[in-house]
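Database features, via TrEMBL:
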- 17-377: domain 'Acyltransferase 3' (DOMAIN)
- 19-37: transmembrane segment (TRANSMEM)
- 57-77: transmembrane segment (TRANSMEM)
- 98-116: transmembrane segment (TRANSMEM)
- 148-166: transmembrane segment (TRANSMEM)
- 186-203: transmembrane segment (TRANSMEM)
- 223-243: transmembrane segment (TRANSMEM)
- 257-277: transmembrane segment (TRANSMEM)
- 297-315: transmembrane segment (TRANSMEM)
- 336-356: transmembrane segment (TRANSMEM)
- 396-413: transmembrane segment (TRANSMEM)
Amino acid sequence: MINNDTNVTIAKRNMRIDYFRAFLMVLVVWHHATLAYSTTGSGVLITDDSTFMGFDLIALFNDSFFMFAFFFVSGLFSYKSLLKKGIKNFFEERLIRLLLPFAFATLLINPIAHYFSSLNKNGGSFSIVGYFQFLINTFGKTESNHLWFLWVLFFFSLILAIYHLVQKVFSITIRRSQEKYLTKAWTFTVVMVILGTLCYLPMCNIGEGGFVTLLKPFNMQVSRVLIYFLYFVAGNVIGMYGIQRSFLYKEKFQKKWWLWLSLSLATTVLNIVVHVVQENMEIGILKNTIIVVDQGMIVVISLFALFGFISFFTLHIKEDNKVINLLSKEAMGIYIIHYAVVTALQYAFTFVELSAVEKGITTTLMTMIISLSLVIALKKVPVIGCVFGKAYNHKYDRGLIILTLIMMLLLIFL
């Protein structure tokens, strides 16, 4: 279907991209499930004596691309959704679909993870009474952790809606540039590397590259906000143009999926080598130059990894798969709930004699199964089902919006 005002194709959802997004969700679960067993233990709620260096390397690669890809894929769907629903309905739907889960899970689900983290660090044994005492004492005070993606995506969506209001001013220029930059992979790559470098390098040291709390509970990697927005915009531009008309759907490009992944992995290895080299150098111009190169490599890693994985899925996914369909359908709910499940399992495994590899793999598989089961069950509960992606009757929009705003106010002011 074509929108005559904007000359943008409004298509049905793309199964291959949905499967790619489900794959990204699995990587997120894997990432969080294995971090406790990395040697650095960076950003984890549970510490375990069992560690495996391989998990550090996998985490490094994952962290260098999967959130970039999430924002890109979100962009692919966003503009078509905006055109279909209009600004008012788009805004209300994003408020309910993104901020309601963010507020609900931060208030009521993530405390489960922090309770087990408290037991891990301070000792003590699990009890239902102990958990509810912890919940009451910390209500509204625990961090949002992985849920930061939801509020940032909502903020990006607001910017998209504002753009849509003024887009007629820019639409002619955009349409003229689309053919040039979206049908040829090399031009898109050059533009993304240049813009990505400009977006990332000036900000890469803010908060030492880690998470910063802007206003409770809004935490995020400030150092990456501009480059994440760049990927969101890139996804929107390709979505406006039509992904099937872009270079991403050219068979010649898709068949090189192995090359794009190889380039991304090779750059990751080079990144590690350069980082080790500069760590052992004396302070000077040469070291500062190498540090800039080291920091900027994430721009290349993220782009080629995106190319590689999205090419693989668009080339090889031909038919429906019931299991992947289910994961795709419940991806949002799994993303919301998995962190609490991961942390509970990691805590339980601190009392079990297994290798780090065994714990990491078992935690990942059990988290997927438990999270999927919980989401399917919770989606059957009135109101709560909306938090986990259940379709809802729009006559309840006002009530859900009020509920969202109340929960957000509780988060901010408690």
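Each Cβ is built from the backbone N, Cα and C atoms, and glycine gets one as well.
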Stretch-level contact, the transmembrane segment (257-277) and the transmembrane segment (57-77), CB cutoff 8 A, at least 3 pairs:
yes
Confidence summary for the domain 'Acyltransferase 3' (17-377), mean pLDDT rounded:
89
Contact between the transmembrane segment (223-243) and the transmembrane segment (57-77) (at least 3 Cβ pairs under 8 Å, separation 6+):
yes
Taking contact to mean three or more C-beta pairs under 8 angstroms, with sequence separation of 6 or more, is the transmembrane segment (186-203) in contact with the transmembrane segment (297-315)?
yes
Cβ pairs under 8 Å with the transmembrane segment (98-116): which stretch of 148-166, 336-356, 396-413 has the most?
336-356
Which bits of the chain, at least 6 residues beyond where the transmembrane segment (148-166) starts or stops, bring a Cβ under 8 A of a Cβ in it?
67, 70-71, 74, 78-79, 82, 87, 90-91, 94-95, 98-99, 101-102, 211, 218-220, 225, 228-229, 232, 236, 335
